[in-house]
Structure formats: structure tokens, C-alpha cells
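Summarising the annotation, TrEMBL assigns S-adenosyl-L-methionine binding site to B:Ser114, B:Gly115, B:Ser116, B:Leu117, B:Glu135, B:Asp163, B:Asp181.
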Amino acid sequence: ECFKCYSLFCSFRKIIFEKQWFYLDNAIGHIYGTTFEVTSGGNLQPKQEVEEATTETKEAGTDNRNIVDDGKSQKLTHDDIKALKDKGIKGQEIVQQLIENSTTFRDKTEFAQDKYIKKKKKKYEAIITIVKPSTRILSTMYYAREPGKINHLRYDTLAQMLTLGNVHAGTKMIVMETCAGLVLGAVMERMGGYGSIIQLYPGGGPVRAATSCFGFPKAFFEHLHEFPLSKVQSLLCGAWSAEPEETPLLGEESNGLGEEKQQEAEEEAAAETAMESSPAEEPDTVEEVSEEVECKENKEKENKENVREKQMKQWERRKKLKEAAALLREKNADGLIVASKFHPTPLLLSLLEFVAPSRPFVVYCQYKEPLLDCYTRLRERGGVINLKLSESWLRNYQVLPDRSHPKLTMSGGGGYLLSGITVLLEQGRAEGSTPEAPKLEEPSSKRCKLEELP
Amino acid sequence: MSFVEYGDTIKDGDTAIVFLGHESMFPVKVQHGTVTQTKYGVIRHSTDLIGKKYGSKVTCSKGGWVFILHPTPELWTMNLPHRTQILYSTDISIITMMLELKPGSIVCESGTGSGSLSHALIRTVAPTGHLYTVEFHQQRAEKARQEFREHGVEHLVTVTNQDVCKNGFGVSNVADAVFLDIPSPWEAIGHAKSALKAEGGRICSFSPCIEQVQRTCLAMEEYGFTEINTLEILLRVYNVRTISLQIPDLGKAAEDNSSSGFDSSKPSHQGSPCANLQQGTVQFKSGVPLREVVGHTGYLTFATKS
């Protein structure tokens, strides 16, 4: 399973993966799921199903009472093995040689022999399977390789989020995440290009390094909007507008964006080395930024066309921003998904304002304590029911004849979820739209009572 | 409303969820002139429900009130009439992700049972996908068809009344994914393989017992499935409680009131950190596991046809 690799097609590129280097050129034209062998020179060759070299009369011991660890059971030395490798001998043959030169192999039990072969195969046979990207693949991969980038969100927890949030085609979802765009990608996959998504982002722009790994068609991005988290409060109290702040905002924005793009590029580069996959097609905005930077540098001989182009792009961006703001202002979103490194309470208290009644919401947090706080504050606020704090446990099994048991190691933690359903806020409460003020009116205490009674 | 499309207001013929309180709810079929009894009194559909917004609070005849919720597959799972043992949302969520389901996916399922998983599958593959579900029990198959009609999703599902182990799914080379929840899944692996598209797809089998898993894995291997992987997922739910623990009297407090500083629970919130000491308790919030939880539902075995 550690030979699972994801990569976008990109020819004439050297890929390094699991201490192996190879070129992907030969993989083009094969169906997903094809297994390749890495041959000398880094070429990939579709692996043929080989008859397992079954020794006719299988010899095996029954127990290990006479097996002594003297460190001398393997007759081949390190140098011998290295020599075999340097000669370009197939991994399969090296494994066979190791077996033949192991004095204890025949005394091992059948199960132990199996285990020995499996271990050696893993080490010497360079086999690579190319698979299609999906939430399943990417979320397991990120959790295994880059858990810090996704706030240790385990894949089964992500699966719970998508289900609890009733994410499906045709909905209008609000997503606030700092998980490299993995959660956004998962939501986009489930919506299949139907409906709309408004991504709220901190800082200068949304990070979508993981999103680009999905290889979504362009059409999926047409209804993907983004809005800065730092403007949410002004949007809520009606003070937001794209126009008045125009000049300062634009300067700040382009700077911020430049920075962000750089960050994103770094992020992507990091993801690349981490996953040892080739980078996704650069988002076209990168070009845009470099143009912008260039444009700044050549300010003196500002060429009119460039300025016009720049203005066009700014206008475009402002239009997109206005669209996102308009969508939020309707306050009729079909769900809210939060998975970030920030404290969830202020996010929830503000962002729930944008969600229609009778819609689900889910918040992820790596730690339980902030969600305890969030739970309490949401109860005080009202307008939510069926609050549930949960965690999922995942256990993998080895299933083999007479050798089935849970896998020896399991993940210690995959984070916690707080989920619930919105309902109409009491009259008068909705008006104020000051979710911070603690609400201790009669209905909320009554509701608590109602809910706490079993 | 439908189970695949949100609506704002409650309409005649809708299935709505009446929410009475924590974990206490039930579905109603909204109909002009009908009344529903709750422990808080009567709900009159014509005046109390129809035309109201989903998520509204409805006051019942005895002055108590309930919330009316839009149906979702998850709420349906918690409230549906059981005809069989059902799959719950925790298992459903990992099944959906591991089978790589999304809008447009074609899925085969057997048995249909009470339709808990079916509703979730239909929700995920809509509007362009399809579910082929096979149930050998005639009454259950008929009941499922009726529910799909009532829930506005009949165009997305085909229910077939036959034995999947003998006759398969009734389709071949069309599915992106197959799900099996039957007593002897190993007898259906061959049919599952032929239901899946020629270019491949994913399969999942749910079994409560490890012996069933073992036979299923052997069958999967025999039919050339790869990436065979068995897992189990469990949900742990926490109650949020404020806990007070009493501070033991070690006979110190009286003489030593400059204090050990142990009571640091909320010094910043309370002006006087001694307040708690005087009460003799420390308060904190905790997520407390339920007294009894689900310890096992079933093993989920996934594999790939490629």
C-alpha cells in the first residue's frame, strides 16, 4: 500500500517516489490501476501476472524451538546483495536468492515463510501502481504523509463530515478550511459541479494545493466563490462594499495575493516533494501574479496595455468578490463546513448567520476542548438543535486464513466533530444579529431543559 | 422537498421530521386535514405545517412546541420504520467515501433491507447517477419502492426482487461500485464483478462476523480483486457536562491562606481566586462518554476491480 502513488500526467519529468526514480512516459495510455515495474533507466513497464515460484514440495517447520538467532542465517553478504542490485538483476530474483541462501528458511513455519517473502518483496521489488485521484486516495495519503497540513483530520473523520453535512449536488455550501484545500476538494467531489460553494479564507487568499490534486474539470470552478474571512463582520453588519475601500484595498489585495501565491507555490512545492508527485497544472492565477509583479517593476515605462489588462483583472476580481458577498448576504446557505486551525467558536457564531434554517453544520477540531466551549456558546445563542460532539475510531484488520486479527498499530486520534442542525431564531433575536451577546432568555433555557431531559 | 433537493417551505405530501428534543423525533407525512399527536399536544397539518418554513418552531395544542425539520438521509436513518437491522450514518459515511461515490456514480446494492443506506446512496449519486438495489424479500422490496416514490427519488433507483446470490444484480458492466450486506456475500462476489464496469470499480461488503469476512476475502482474491482491505469504524459520542470536583480538606486552608495556588481553574474570570476554594470545589467542562456505546456493527471489506 505504501506503493500507492498519485501523479498528474506530465511527460519528460523525473519522478522520485519511495527512493525510486522513474519517468512516467510509458504510463500514458494505460488504464488507471495498472501496476508497473521500474526497470533500469527509470522506465515503467506494465507488470505481467507472474506465476508465483512455488517450490513443488513446500518444506516448513512447525515451530521455532530450534531456530537460533546467530545473525549468520543469511549466507549472502551486504556486498553480495549490492552487487546483485548493481547488475540490474530483477528484484524477484534477488528475493529468490535470499531465500535460497537463508539456512533457517526451511525450518520456519509456513506463515513465517510467507511473512519473510512479503517483507523481502516489499524491499526489492520496485512496483508502482498508478491510480486515479479521489477523496479516498488523497485524504488517506495526506493523513499518512502530511497530517500537519490538514490539522490531523483523519480520512474517516472527513467522511463523517461529508455525510453529517449532507453534502450533495445542487446545494449552496459554505466552507471554511485550513486543510490545504483537501476539505474543499472533498466537498467539490460530492457536489459534482452542481450548486455553489463559498470558501471563506484567512489571510491573502485560499490555499488549494490539495484541491488541485483532484484534477477537477474547469467547470467545477465556475461556481466556486471565495470571500475573505476578515470582511465577514462588516458584511454581517451591512457595512461591507467592494467600492469605497477600492484603492487601498486593491493595493493591499494585490500584495496579499502575491504573498499568498508565493505561499501557495511553496505549499505546492512542499506537497510535491512530500508526495513525490509532479505538481498540478499551475493555476492560471500564478501567471497573472507574475504579470502583476512585472508590471510594478516596470512602472516607469508603464505601457498602457498592461495597465488596461491589470484593471480588467482587478475589475474581474472585484466582480467575483461581489458575487460571493451577494451569495452570503442571502443568508440561505444549505450547510456550513468548518475545519481549521482557528478556534471554532467565533467562526461558528458568525458564519451560522449565513445558513438557512433546518440545515446541517459540522465543525472539525483537532482538540476536544474548544468544541466543548463552542457547544456551550451555541446553546446560549440558540437557533441550533441536535448538537452532537463525536469522534470516530478506525481499526484496520489483517485477514488471512488462520491469521486474522486487528492490525498491530492504529491511529491515536483523528480529531473531533461538533455537528448540529440550524432552526429559525426567535423573533427579535435575529434582528440584533449580535451573536456575541449571551442570550439567557426564557426560550433558550426552556430548550436546554427540553433537550437534556432524556 | 425531496431527499435530494432542499425546499424552504413545508408542502402537502412532504415527509417532515418532527423534532421533540434530544434524540427524540419522528417522521410525518404532511397531509391536508390530518393531525399528529405528540406528547406536547396535537399538530394540525393544514394550519400548523403547510406553508411554514422548515426549521420553524410549531406550538402544539397543549402549549408545548416542536421543531419541524427538512428530511435528510441521516435524519431518515434515525427515524425510519425498521424492517431489518439497518446501517447507521457512521458506517454509511466511510462506505460512501471508500466506494468513491459522487454525482453520476452507478451503484449496485443488496439487500435493500429498510433502505437506510439506499437513501444515502441516492442522495450522493443524484442527479445523474443511479442505484440498482436488489432485495429477495418481496414485501420489503415493495415497501422500499413505495418509500422511494414518497420521497421523490424513484427516478434515481431501480428495485429488483430477486436473489442476488443466484441471479445477480440484473445489470452487467455498468456499475462504478457494489455494496453487499447479505449473510453470504462470498456467493455474490462473481455477480458483483460482472455488474462492475469493464474498466473497473470498487466493492464493499459488510459482515458482522469475522468468519464471513474471511470467506469473502478469499472469494475476492479468487475473482481477481485487488487492494483488499478490512476495517471497522466506531462512533464515540460525548455529552458536554460541567463537572465540579470537591477539594479535599487536608486541614491546611485555615492556617495557610496565602494558599498553595492549586485552585487555578478560573482565576482570570473570577476576581477572587479564593472563591472556589471557599466553596471547596473546582469546576470544569468535560466531554463525558456515554455510559453505553455501540461496540461493534460490522466489518467493512473494500476492494478494487481493475
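Don't overthink the numbers, they just go from 1 along the chain as shown.
Placed from the backbone N, Cα and C atoms, the Cβ positions cover glycine too.
All annotation found in TrEMBL is predicted automatically rather than curated by experts.
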Largest inter-residue Cα distance among B:Ser114, B:Gly115, B:Ser116, B:Leu117, B:Glu135, B:Asp163, B:Asp181 [record-listed S-adenosyl-L-methionine binders, Å]: 20
Fewest-neighbour residue among binding-site residues, criterion Cβ within 10 Å, set B:Glu135, B:Asp163, B:Asp181: B:Asp163
Same-chain residues at least 6 apart in sequence whose Cβ lies under 8 Å from B:Leu117 (S-adenosyl-L-methionine binding site): B:Ile86, B:Leu87, B:Ile92, B:Ile95, B:Glu109, B:Phe179, B:Asp181
Secondary-structure category, per DSSP, in which B:Ser114 (S-adenosyl-L-methionine binding site) falls: coil
Intrachain C-beta neighbours of B:Ser116 (S-adenosyl-L-methionine binding site), sequence separation six or more, cut-off 8 angstroms: B:Trp76, B:Thr77, B:Leu80, B:Ile86, B:Leu87, B:Tyr88, B:Ile92
Structural state of B:Asp181 (S-adenosyl-L-methionine binding site), classified by DSSP into three states: coil
All-chain count of other Cβ atoms within 10 Å of B:Gly115 (S-adenosyl-L-methionine binding site): 30
Tertiary neighbours of B:Ser114 (S-adenosyl-L-methionine binding site) (same chain, Cβ under 8 Å, six or more apart): B:Leu80, B:Pro81, B:His82, B:Arg83, B:Thr84, B:Ile86, B:Arg140, B:Ala144
